[in-house]
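Taken verbatim from TrEMBL:
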- A:Glu72, A:Asp91, A:Asp94, A:Asp211: Mg(2+) 1 binding site (BINDING)
- A:Ile93: Mg(2+) 2 binding site (BINDING)
Number of protein chains: 2
Amino acid sequence: MKESTSVIKKLEQAKQWVQEAGQFLRENLAEPLEITEKTRYDDLVTNYDKAVQKRIISKILQAYPKDFILAEEDEKKVEFSEQISQLWVLDPIDGTTNFIVQKDDFAIMLAYFENGVGKFGIILDVMNEKLYWSNDHAAFCNEKQLHENVAPLHQSLLAVNAYMYRTNTGGLLDLSHHTLGVRSCGSAGISYTKLLDGKIIGYFSHLQVWDYAAGMIISEKLGFVTKALDGENPHFNGREMVYTVPKRLLGLIQEKMQGSEN
Amino acid sequence: MKESTSVIKKLEQAKQWVQEAGQFLRENLAEPLEITEKTRYDDLVTNYDKAVQKRIISKILQAYPKDFILAEEDEKKVEFSEQISQLWVLDPIDGTTNFIVQKDDFAIMLAYFENGVGKFGIILDVMNEKLYWSNDHAAFCNEKQLHENVAPLHQSLLAVNAYMYRTNTGGLLDLSHHTLGVRSCGSAGISYTKLLDGKIIGYFSHLQVWDYAAGMIISEKLGFVTKALDGENPHFNGREMVYTVPKRLLGLIQEKMQGSEN
């Protein structure tokens with residue numbers, strides 16, 4: 001299947017917009033933050049989440065005024081739909097708590113869909129200046145093509161949402177006993193970069209579509225699949241427990257999540 | 001208190017030995033590993049743990065043939081003791097699983113004690129080429145002096161051992177509810193570097209003396225204190241649950257670990 005010229009052009013533009021936004025964040029990291037609580041004391045947004053969102057949205061709409069945008073910090077969000085012929089999904093700062101507290105381990109994520117089909121994803125590990133992205137046929141980190149690199153489950157690590165892990169939601173704790181252990185870094189975007197780098201074999205968390213859209217699209221190029229906890233495809237609306245694992249280990253992983261013994 | 005010339009000289013030599021060992025690991029990262037299970041399937045050692053240990057021990061003994069060395073991969077270990085006037089404590093690769101699986105997030109750690117008193121600590125974040133170390137009066141990352149940087153508990157993150165967290169050992173889960181959350185990276189050394197950078201406010205894990213000796217000594221220079229789970233000083237012998245937190249928050253943290261309500 002050949003990628004259309006217009007999608008290739010969008011991808012190149014989108015990579016540049018994300019890179020520029022990352023540079024803006026790195027240059028302003030020493031400035032004081034305005035921090036606002038959203039739903040609860042540990043659900044935070046800063047003036048920089050909003051500034052990055054504004055910058056990227058304005059670039060998209062300037063170039064493609066008819067496209068739709070689903071962005072984390074929008075008060076009124078469009079709903080993800082297969083009816084929308086051109087839809088951008090944006091997380092301006094993924095891992096906002098890390099951004100505030102650690103000044104590290106946060107990402108900018110942008111994904112692009114046509115009629116519900118993911119065309120490309122972009123994840124920028126801002127502090128390490130690593131841009132992960134996919135086109136129609138492959139995944140890349142900066143200009144280097146990434147390749148499938150799947151170790152056996154028992155020689156691998158998982159990235160997990162701490163709550164799901166400790167409460168064994170979906171059998172995640174059971175599954176973890178069949179691996180070398182779990183890691184938790186507080187950012188979906190950074191977790192997906194570790195998956196793409198082959199550092200972890202699976203990522204399990206409680207996510208909104210802007211948290212997993214880019215990671216899902218890019219990781220598909222390396223043989224990963226993203227599922228909701230019930231084994232179905234994610235529904236892309238509202239917060240949902242999802243996981244991304246190698247397609248060829250999906251059966252084994254689902255078996256271990258059902259608590260079958262060693 | 002003035003540092004003796006001999007300790008200053010040892011520190012400078014030790015920094016160089018650790019840096020050289022780090023370079024050796026980075027240069028050989030693409031080579032195949034020989035992996036051996038120690039106590040169980042997820043307690044691993046590689047030929048590189050052994051090679052780094054051998055390199056550093058031979059440097060120490062060449063320069064200081066009468067000094068004692070307590071090293072992780074020694075079959076027969078000396079016991080930590082205040083009776084030993086010159087004792088080096090070495091972890092050749094801390095985060096061996098990360099070293100094997102991720103090729104990232106592992107550290108070389110070296111600490112030096114005189115009659116039970118920590119004189120200096122060294123932690124090398126190998127892949128990021130960041131050397132954390134302390135002398136008699138201050139802590140450094142490479143050549144930059146580090147400074148105390150303690151946020152309020154409820155605006156901070158913890159690094160935790162996943163098992164202790166999920167089982168609420170020592171009230172760690174209770175404590176975590178008074179913070180912005182937990183992170184888990186699979187290496188004591190890397191966790192200590194995050195503590196020294198101000199990215200986390202406390203580190204809780206189940207450790208051997210070579211896992212926390214260097215971190216304890218360096219972090220003291222930034223106002224941190226290292227305690228066993230019972231609130232006493234660690235006993236430096238055998239695996240022990242320990243935590244390192246800011247001294248001026250110790251009372252508050254111990255209170256929250258006892259499960260007092262919000």
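Note that Cβ sites are derived from N, Cα and C of the backbone, with glycine treated the same way.
Please treat TrEMBL annotations as automatic predictions, because they have not gone through curation.
Owing to the predicted nature of the structure, the values given are computational and were not obtained by experimental measurement.
Non-local contacts of A:Asp91 (Mg(2+) 1 binding site) by the CB criterion (under 8 A, 6+ apart in sequence, same chain) comprise A:Ala71, A:Glu72, A:Ala107, A:Ile108, A:Met109, A:Leu110, A:Ala188, A:Gly189, A:Trp210, A:Asp211, A:Ala214. In this structure, the binding-site residues under consideration are A:Glu72, A:Asp94, A:Asp211, and the one with the smallest number of other Cβ atoms within 10 Å of its Cβ is A:Glu72. The Cβ of the residue listed as 'Mg(2+) 2 binding site' lies under 8 Å from the Cβ of A:Leu25, A:Thr46, A:Tyr48, A:Asp49, A:Val52, A:Phe99, A:Phe106, A:Ala107, A:Ile108, each of these being in the same chain and 6 or more residues away along the sequence. Same-chain residues with CB within 8 A of the center of the A:Glu72, A:Asp91, A:Asp94, A:Asp211 CB atoms, the Mg(2+) 1 site residues themselves not counted, are A:Leu90, A:Pro92, A:Ile93, A:Ala107, A:Met109, A:Ala188, A:Gly189, A:Gln208, A:Trp210.
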